[in-house]
Each structure stands twice: as C-alpha cells, then as structure tokens.
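First comes the structure, then the notes that go with it.
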Amino acid sequence: MEESQNIPPKTQTLNNSENSINNINNNNLTTTTTTTAVGNTNYKNNNRYNNNRYNRNNFNNYNNNNNNNNNNNNMVTSTTSPPTTTTTTTSTTTTATPSSNSNNRRKNYHNNNYNNNNNNNQLSEDTDEVILYTPADISASLKSESAKQQQQQQQQSLPTQEPTQTLNWQQELYKLNPKSKAFVPKPQGSVPFNNTNNNNNNNNNNNNNVPQSPIKDNNRPQRERRERKPKENNTQQPQPQQPQQPQQPQPQPQQQQQSQQQQTVKENNRKKENKLQSKKDIITNNDNIEPIKSKEDISLANKFAKNRAKENLAKTNSINNSNTANSNKIKGKTKFIFNENDEKNSEYTPLAIQMITKIQANIYECMVCFENVGKNAVIWSCSQCFTMFHSSCIKQWSSKSVTTEGKWKCPGCRYNHEVKPEHFQPACFCGKVKDPQYNPYHLAHSCGEVCGKLRAKSNCPHSCTMLCHPGPCLNCSSLGDIKDCYCGKTKYRLLCGEVDKGKVCEGKCEKLLSCGNHRCQQQCHSGSCSPCEVVETQKCYCGKHIDKTKPCGSGSIDTSQSDDDPRFFSCAEKCDRTLDCGNHKCQRTCHKGDCEPCSLVPDRVDRCNCKQTTLEELGVVRTSCLDPIPVCKKVCSTLLACKQHSCTDRCHTGPCGSCKVKVRSICRCGKTTENRQCGVIQQNMSSTSAAAFTCGNVCKILRSCKRHECGVKCCPSTSSSDEAGNHVCTLVCGKQLKCGVHKCQQLCHSGKCYNCYINSYDDLACPCGKTVIQPPVPCGTKPPMCNHPCTIKRECGHSNEVWEHKCHSGPCPPCTYLVDKMCAGGHQVQKSVKCSTIDASCGRICGKVLSCLSHTCPRICHSGPCLINNNNVNINKQQPLLPANLIASKNNYQLQQQSKLPTTTTTTTTTTSTTSTTSPKIIEKDEELIEDDNNNNNNNNNNNNNNNNNNNNNNNNNNNNNNNNNNNNNNNNNNNNNNNEKAEITNECNHDHDHEHEHSDDENSEEEVDLNECNHNHECNEEEERIKKEEKEDDEDEDELFDSLMGNLTCGYLCGIPLKSCEHTCHQACHPGEPCPTNISCKQKVRIYCKCKRRSVETLCCGKDDTRQLECDEVCEKEEREKQLKEAFYGSHTLDNNPNNPNNPNNPNNNTTTTTTTTTTTTSSPTNFTVLDPTSIDYQPNKLQIEALQLIAKASPKLIKKIEAIYEDFINSNLLKQTIKYTDSIQLFLLVQMAKFYQMKYREKKPLNYIEFFKKTSYQIPSPRLSEMVGINGSSLSSGTISNSLSFSINNGQSYASISLSPSEMVAQAQAQAELENQCPALLFKNLDPSIKTDHLTNLLQEFEGRYKLMWVDDSNCLAIFGDSISFSMASQIKTMFTYEIYQDDPSLIDITFGNSVLSTPTSSSGSNSGVSSPLSYLSPLKKSQDTQFFRVSQQMNKFSFLDTINQNQNQNNNNNNNNNNNNNSNINIKPTIPLYSTSTANANRMLRRSNENTGENVADDWENL
C-alpha cells in the first residue's frame, strides 16, 4: 500500500498525456491515405506480428503485483487506413498470446513490482527506441483535433461493456507458462479483455479497454531480434512537467495547428539524433552500466524501421500516423519469439506441456502396446516418471513381472511399485476424481479443476494453480526473499522453491584476511578467503634467527620485548639467554616471554641433591649459585622415568640413570616372554618399534596381494587384524602388461593388472603407409592389416614372384625364384634351387680331409667346417659308439676349441663308388702309398659287398697281405730316411770348419786348407757339444709342440684302424700321432658256439686266439647220433637239393665257387637265402611287429604267400622299385610289415592306394619265411591233434627232426601238416569310432575268452582271430551295435603295377632254370600248389629226403673244420649262420626281449653262467 501511494507525479502526468496523444486526429485525409498506402506494403506479412504485439500488450495486464498497483481505466482506440479507403476504424478483440521466454516474464514482474511506472512509451521507427513524450510537446490545436476524432471514434466503434469473464485452464496455463502455444478463442463481435492482476496480498481486478496499435510494417527477421542487445534509455533528458490538460481540449485554428506540427517534427528529429548518439555510447560503454540500470528492459532496434523512418522524415504528413502507431508501445517490453521452430522444442518445454500437446493431438503412445492412448481410454500414470499407460496393458505387464515380494517395475523408469495389479483404480491426473469421464471442454483424462498439489522435491509452500494436468507441476512463479552474493555487494532474488546455490558477482571480495592487515583481492567467491600471501621479516624469541619469508600475520608476538624489536616465532633451539644470576644461561627451548630465574641460587637451594638432608645438617653454606650442591650418604630414592621404581644409587649430582630393575616383558608379536631391564624397555617403547623388545620369529602371513609373505620379524599384526597396515604389500607388481612393452607400476595386488594407460598420438601406419590407425593409439597395438601388396624390394633383386604377398611387418618371406647355385661342399652346381636357400646340398659325401689328416668327412654335402655338432650331446653320459659321425670325447673337443686351428681346405675327393661306408676313410701318412691304399680300399670295399664266405676269406687275406706289404714298405722307407740323415750329418762337418775359421788371417791360409781336408772338427769339441745340446733341446721342444698340435688336430670320429689283437677296428676317438691303445681290451660282442653249432652264447671279444667253445649237451649228442644213423642208412644222395650242401650252388658256405663283383657291375644271379645277423647295424627288429604279423598271417595264409612271392621275385630281379596297389588297410598293414620283415624301404601313397618298395643295402630273404614260421607255430592254435611220432623242435633257430620209420606215422604227419595249411577264421570289425577301445570288444566277446585274439590294424579296424571254427561260428551270429563281417583271405586284393597300369599275370616259362625262380611264378596255379608246405613234406617223405639233414650236418662239420683251418692261417673268424627268428616259445620271448634292448648298453655275458 505504501508503494502504491508513493507514485511520483511524473507517472500521473504521463498517464494523462497518454490519453491526449491517442486523441490526435489528422484532418488531412489525402495525406493519411497516401501514408497508409505506402506503409501497408507488407500488411499481410506483418499482420500476425502486429496482432501478437497487440496481444502482448494485453497480456502485460496480467501481471502479478506484490504491492497494490492501481491501474486507471483507459479507453483508447486506434485508426487504421487500408489502401483502398480513406479512413476506417477497427476494433479487434483477438487474444493471441505471444510466446515469450521466462526472462521477459520475470522482467515484467520486476517492472511492475518495483518501478510502478506505467509510462506511455512510443517506439521510434528509426531506431526502435522507446521515446518519452510530455504534455509540453502537444499543442492545443492538436488536442482539440484529437478530441474531435475521439468523439467520432466513440460513436463508430465504442466497445460494449460486459461483466468480467473467468479464465479457463488454457488461459491459466499460458499465464503460468508463456512458452506454450497460446489459446485463441474465436472472436464474437467486440469482446472486452479481462485484465486480471494477481497480487499475493490483495487482488484488484479492473476492467481495462486495451488499445490497439496500428499495423506496422515490421519485416525484421526473427534471428536479428534475438541478437539485438537492449540499450539503456538513460540518455533521455527529462522534460519539464506540464500542467495536466483536459481530456477533451477545444479546437484551435488550422494555422496554429500546422506551426505546432512543424515544431513537433523538428523536436522529434533532434531527439532521434540524440537517441542514436546515446545508443552508440551505450554500446561502447557496456562495462560502465550500473546493475540497477541493467535490470530495465530496453527495446530492440529494427533496421527495417530505420530505413522506413528515413523515407517518412521527408514526408511531413506521416508524422502524426507514426506517432499514433507508436503511442501504445510500452517502455521496457522485449520482443517475443513466435516461431515454434526457433527455440520452442522438447528440450526447453516442460514435460507437462509436452504431454498436454500430445494428448490434445491424440498422438500419445502407450509404452507397452505402442498404440495411441485414446481420449476415452482408461489410463494409469506412474507416480515417478508420469508416463501414461493403458490400464489393461499395465495390469498385464505388472502381473507378468511381479516378484515374490509383490513388487514390479515400471516400464518407463524401472521404479519398483508395490501396488498390486488388482488394486489399480483409474483416476484423473491430480487424483481428485476417480475414473473421470471424457469432457470435450476439458483435457482428456483430467477433472477440469485446479490441480492444487504441492510441488515435489521443492520447498515451495504454494500449491499448483494449473488445471488438472499430466506430468510434474510447473515451477512456482512467485518470488522468494532477497539474498546477497558471497561478498555481500550484490543482491539477487530467486523464484519460490528454487534451490539457492549462491551467486558470484563480478566485483572483488575485499574481505579482511586473517592477518588483519590486508584485504582479499580475488573475485567474489564462496568459502573462506585464502591466507594472506604477503611475506614479512620476523625474528625468533631468542633473537638468534631472522626469517624474511614468514607469511603476514603468522606467529604470536612476544609482548615482553620492546616495541622496537618485535619477536614472533620459536626457532626450536636452546634459548641460551643469560639468566638473572648472570652466571648461567637458559636451557629451555626458544620460548616466549622472560626466562625463569636461576634454580641454583643459594636462596632457592636448601637441601642436598636427593632432597633428604638439609644443608644445615651437612654444615655447608652456599654463597653463590656457582657453589656445588653437597651430597649426603643416603640412597637417592628418586622416582625414575618409568614411574614405577626409584633410584637405588647414593645421593649423586646430576640426573638419575636408567632403571635397571628386570621385569617380565612380552615381545611385539606376543609369542616370546623374557626378563629385561625396565629402563631398556622404556627406551624401546619410546622408539619406532613401540614394543618392549622384538623376537626373531619371522611372520609368514600372506600380505594383501596374497602372493608374498610378510617376512617381518616379530610382526605385531595378525592374519585377521592389521591396523598398522603391516600386511599391505609395498612391492611393485612388475608384471608385464597386455601391451607387452611396459610393466605394472602399481603396488603388488591380486587379480589382473590394469590396461596400459600410455597412448601414442602419432598415426600408426602399415609398412607401405596406405593403411593408418588414427590416434590415440593404445600401447601395444599391432600395425594394421593391410591388403595392399608389399612394396619392399628384395636384396636379391628378384621381383617376378609367382604371387604377390600382402603388406606385412617384419622380413619378407623367402624368395622362391629358381636359380643355379654351387653346392655347399663345392662339388657341383645345383640347378633350380630357390634363391633363399643358403646351403644347397648335392647329396654326395663331403669327402674333405679332416684336421687329423687321417680321415675324410663322412657327412653329406654341408657348409661350414667339417666338425661334429655336439650341442645336443650329454658329455657326462657315455654315448653309444656309432660307425660314423661319432661324438668326440669332452677333453679332445675342448682342446679342439682351444686350438682354433683352421681345417684343411683341400677338396681331395678320394671317395670311391661305394660311398655307403660305415666309417670315415683312413688316409695313410706316407704320401707315396696313398694311391695304392685307395685302390686296395676300393677292392676291399667292393669285395665286402659279396655274400659268399669264400670271397670274404679271400678279401681278408688280401687285406692282410696288403697291410704286410705296406708295413714292409714303411720299414724300408724308414731305413732309407735314416741313412740319408746320417749322410747329411757327415756333410755338415765341413761346413762347421768353414764357418768357424772364417775370421782367420791370410797368414794361416795354409792351415785352413789342411783343416778343410779333414772331415771332422778336432779343435772345437766343447763348442760342438754345446751346439749339439742346444739342438737336442730344440728337438725335444719341437716334439712336444708337435704332440700338442697333433692332439688338438683330432677330428672327433672313430679311429677305425684294425687292431692287432683281434679282427675288430679301434673304437677310440681319433688320436693322430698316437698308436692305438694296446692295454684296453676289445669291447665288441662275439658269439661262440658248441662243436655242432647248435648252442650259442653272446660274449665280449677276447682276441684272435680265442679258444673258448661251448660243450654240447644231451640234445646235441642225440642229434649227432641221428645224423650218423641217417648217414649209415642212406648216404649223401639227398644233398643236391639241400641248401647247406657244399655242392649246391645256393649254399652260402660254398668255398669252391666265388663271385667277385665290382662297383660297375651287378649280380645277375638270384640272391641266395641268407640269415640275418642280429648284431648287424641294419638289424632293427624293434620296428617290426613280428607277433602281429604272425597272428594276421594265420588268418591270411594265401595273401602272405602271394606277398612273399612278390617280394622274392622283386629281390631276385634287377628292378630298383616295385609298386603294389592294395584295397584296404589290412593289405597295407601286411605290405608294410612284410617290407620291414624283408628289410626293404617303402613309401606310401594313401590317396592312390599305392605303395612303393625300394631295395636297401641289407635287403635279404629271411629264413625261415613267415609262411613257414606260421605253419610251424600254427599247431598250437589248431583244433586238430598232431601225432608225436613226427614233431618239429626249434631250438635257437635250427630245426631238427626225430622220426621213426613207421609209414602210418608219416601219413599222420602229412595230415597234420595239411591241417596247418587251413587258415584261422576271423571277424573284421570295421569303421569303428575312435572312442571304441579294446575293452568294448573284449566285453562283447567275453563268452569266447581264451579262444580268440584281437589285433588292431588301425584306429578304426580290428581283427578277432579265432582258434576253432565252433567258437567262430557262434561269434559270427552275435548281435551288436558294431559293424563287422567275416574276414576273407583274398589274394586278388593286391596287384603289381608298372607306371599307371596293372600288369596281367603271365604264366611261368617251362624252360626256366630250376635254380632261378620266375618273377611272376607266384601267380601260377601249379607253382602255387608246389610251394605249399604239405607238398614239400610229401615229396621229402616219398624220396626219404628228410634224412638229408644227416649229410647236411656232416658237410657242415667238414666246412667248419676247413674254416677253422683257414682262420688259423688268416687269423680271421667267420660268423656262423644263425637264424633270425625262433619259433619256440622260450626262445621267441627271448628274441623279442633282446630286440627291445639297446645294443649299445650292457650285454649279458652267458659264458660264465654256462
């Protein structure tokens, strides 16, 4: 009320002048029409803007006035002149509400509440500035004309007065939120406007007739309006107040009116110029604007209005119209933005307004069914997110998602609601009306009443004044209390309920700092001010130190000192100021105030040091503080520092010592208890350990990382409590991060390490630079994969590759261009070698002379020195000695490395055509005999390839003869060399004489001649002895040097020189310059036999004179008697077909026929049946599955015989390769195992079902054959019975027969042999899953246990071989899930192929030699029947050829005698022929066990056991 009464008189004058301005009437109709026509060119475009501006003026009357503002009723009308008429009057009542921002609305509140100045303002067309008009500018004539015009307008368009109309919810909503779309009701004639003033204290509703502003051509863009800055109207000069004129003045003459108009035009032009100048000043001096002036709303400038104003200035008749159009422009009203696409969007529009808009447009969707929510639909709104759903949809949603606790989550905000679905009750938005019905005059789903809810999450006490609405209530529009900024210089005001976060103004804080001397120079800020940063010089209390960097106001001043010397801080040192006694100094720390008086003054000391005896009792008088204090004889008894014990010493001077009383104390970890001195305990407690003592127990509790132990002695922490943090691991983790470059720098922790935080801000490109990873690039990122071809040029220069490889990191793949290169050993040029191949080997033997000068390198063509690579050899463990490439001993190898002598680079290719030697070739030291030795070695090596024993004997004899001849030659050469040396010595005698007497004079020339004639030096004996002694020492040094050099020149291979003690060679490492050791016995294995050669034992070699021989047992004697019996009855006529017969050409022991072969010729005769030596190098029985081969041979006898015939014909032929085609894996298994049995090489071609066979150097036809072995062993599995009258016993590989001459027994023997020919039936389980094991098949055939054997051919095929047909027939009818069939022995499943075709089977030639079998004889039916065991036995029985063994044994004994004689002459032992495979059970197991043993390790010597 007080503010409303204190309205300044200027405001009242302005209100009266407003009415007078609006009553101006122009009499010049022609001028009015012309001006209006020019000004209405954009009439249609600006119609909406003018209407909105008019409505904005109307809306300004709905201002909230906190203080009662009394507005007078004004009735103003405006005239508009269309282009086609002269003068027309319109009265529009549209209430289109403009869209203004909250700041403008807030400014309107501020202007109405505090300014209370309703001034009549007029907008200038030039500058869009607000111009204030006073009554002095209006003449009396203009007032009279305006009065007439006002009366005419009142008669034509006087608005009817109607009662006050209440606001609906749309108008109320717009009133609270001007951003929303305005509600425009349809006009019905002339409708008055309701100007409602909502006052917080008193609401005064007055009816006002709001004037209409004329249509103004304002085509200014919307964006420019927003960017225009408001300008202060402070340059407007106040006009002198004129007396109030009546509302209807009297008309005056026309001449006076025109002069008044001209004066008005001049005044307006002057004011406009002042306005433009003030506008520029305001723009340039924005920083000097006062805060109070910045609160006023200033109109924006319009450039289009400026241009139009310039045209109107030239026309004086348009002044009145422009003044009338701008008369109702209220000062301080900013322009609103009416285009919804500019700033009116969902980000700035409240949720409630968005929901109202969607509901009215019927486009609001349910989040459950995605259908539009109809106006008649039953809805449910979430109380948290205010989302609307169909009631049926939300019930279905909640019923499906409800938990056991009865909670379910909202689909929009996931809030847990506890209301059960069946308790849903539809209600309006405010909750007042249950299940509201649709009313077209109200918002759908609302009750149409005022909301009245308090705003959530706000302290506002006012309730919502909007009508029932969806979404959250809008913020309260009431203003709150006035508050100050942080520094208190600026005041601000917030809306009601708005959170106050404080305000920072642009001024300085200027609060007094803590020092009390300076003020804060920072900008207005929150919190306390920072300490004063000004430093000053201060002195300590004792005066020793002066600090010039002390902060201002720090410290405490010492008031005891004088003002001229202020002191502020303590230096923490001893005071040392002189006390009042003048003798002592203060011992306290630098302190504030005066020092205490001296404590040794006689007045203050009246007792001894222990305070138990007075000085009078002691009879001592002290006169000065320097006099000593006397000591009594009592115990001190002063309480010590431990506060528990007293001093036990006598009264003494000075402080008491530490307490020496022992007390029971516990260590820091609490595990040890000891008695220690109390004083020591006190010192330990005051130290960093904070314990009485520490024990030596080491804590083994894991630290926080769970990897390291604590390791602290006497740790006070436990596994459960660690208040001191002793178990926090302080080690650095140090693990490699994922990037692979950096390590984890965190403290040791459990779990995974973090990712590497280092990034690269450079582009990571591929090597060619065409693929790039943009930064930042995490550490450890690999270069990108590039699909472009590699651009790196090779060093070799080749670029025409078969395929171009992609861009890559790292080196390029090896070059595949084919070039010609010299082999690594320098033997020949290799063609079509890859360019990237460094060492191309030609495959030949190296043949370079080694460093020992006795061997050549046996390695395949290689690069680098010819040394043995012993990197992978364990020197500590004795390695088995091999015939080639053996490892040198450790000492020799170290000597070789220390010497570092270069190896000889001579490329002496002395290798012969037999390059498959088993040891490096020996080179004799005598150069003259090298060629002879090479020839002898060639012959010897070629002769060794023959299989006849006679040839071996001859070759050995030749070798012995050659060696003897070489020795003789060496001896002769040595003798000749010795003679030559003696001759040289005799010749040297004359030279000595010449040199010794070279210095003699001419007088003694005759004596010199005489001395020259003598052959000896007779005068210089002493000098000669000295020279000889020196030469002898030099020779010894040279010999030692030579021995050391020769010791370092060892090649590391076997020596290989034949030993003198036996027929074996030296197996020591190469030892150049040293003879083979004779004190070491030969370690080679030999086999000794009994007299009849039936028994044999393997033992160590004992030299050439080995006379050890086994004794024959009873079996030998029995067989000897049988031989003699056969010889007595039948003689030797059956020895022609015996393979052991000396007269038989197939006899390997035949000494009468010898066949010598060279390296350039091949044997055309078939290879004889030989017996493999188990001690040979090529013998590898561990790779042969002999038991499985014998087992499958019982099921496939026909197939075995066909394979044997194929292999034997291949061995007897000149072919180097044989190709066989097979059908399934069983044939492949048989072919591979038989190839191992015959010791042949093979190569599989599984995709083509081919297998190729090649001959080895050790290929032989085994004896007995596999079919014979199966026939002999087959008696154990057959169901038939064999007569005991004819039995074959196999002992150590040789068969002997004990028979009777009964014909019936012979027939039984033949029948038994025929029964052995029958194959064992078998079942083939095929296509088995890899998970099927032997146990599965064993469980299937468990009822036939002991009557079958299983043999896995491969991972998916298995054979079950049965011993009788009954069990087989029962097993073949068993039902199982496995796939099986009866195995068929079909020889036609394998065929021989030559090239890509399979040969047909030719018949054997009738004229073929009986000694040589036909290559394809195994395919002849006649030959096949003859090859059977039954046929051979029957033929022998018919001819009584079974007695030929007697003659055979007899001839063998004769041959052995001859061999023994030859051995005695040549000192060479011939190995007897021993069969490889034995068919008896005991011997077979022994042979299998022996085959699995390593031949290089301990060998059992059975000689001592026998």
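The chain as shown is numbered from 1 upward.
Glycine residues also receive a Cβ, built from the backbone N, Cα and C atoms like all the rest.
According to Swiss-Prot, the compositional bias 'Polar residues' annotation covers 1-12.
Sequence annotations record features per position, and here Swiss-Prot assigns region 'Disordered' to 1-123 (among others).
Look at Swiss-Prot and you will find 142-164 (among others) tagged as region 'Disordered'.
The region 'Disordered' annotation in Swiss-Prot covers 181-282 (among others).
Annotation source Swiss-Prot lists compositional bias 'Pro residues' at 240-252.
The zinc finger feature in Swiss-Prot is assigned to 363-416 (among others). In the predicted model, the zinc finger (363-416) shows an average pLDDT of 91.
The feature zinc finger is assigned by Swiss-Prot to 366-414 (among others).
The zinc finger annotation in Swiss-Prot covers 460-478 (among others).
Under the heading zinc finger, Swiss-Prot lists 515-534 (among others).
Taken from Swiss-Prot, the feature zinc finger covers 581-600 (among others). With a cut-off of 8 Å between Cβ atoms, the residues of this chain six or more beyond the zinc finger (581-600) that come close are 540-542, 544, 556, 558, 560, 567, 570-575, 624-626, 629.
Annotated zinc finger per Swiss-Prot: 642-661 (among others), in sequence order. With DSSP classes pooled into helix, strand and coil, the tally for the zinc finger (642-661) is 0 helix, 2 strand, 18 coil.
Residues annotated as zinc finger in Swiss-Prot: 739-758 (among others).
If you look up Swiss-Prot, you'll see 796-817 (among others) marked as zinc finger. Sorting each residue of the zinc finger (796-817) by its DSSP state yields 0 helix, 1 strand, 21 coil.
Positions annotated as zinc finger by Swiss-Prot: 852-868 (among others).
Swiss-Prot lists 897-1012 (among others) with the feature region 'Disordered'.
The feature compositional bias 'Acidic residues' is assigned by Swiss-Prot to 925-934.
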With Cβ-Cβ distances below 8 Å as the criterion, list the same-chain residues six or more beyond the ends of the zinc finger (796-817) that contact it, or say none. 766-768, 770-771, 782-783, 786-790, 834-836
Determine which residues of the chain contact the zinc finger (515-534) at the Cβ level, with the cut-off under 8 Å and only residues 6 or more beyond its ends counted. 485-487, 489-490, 502, 504-509, 551-554
If we skip the immediate neighbours and take only residues 6+ beyond the ends of the zinc finger (739-758), which ones have a Cβ under 8 Å from one of its Cβ atoms? 703-708, 728-733, 778-780
Counting by DSSP secondary structure, give me helix, strand and coil numbers for the zinc finger (366-414). 11 helix, 9 strand, 29 coil
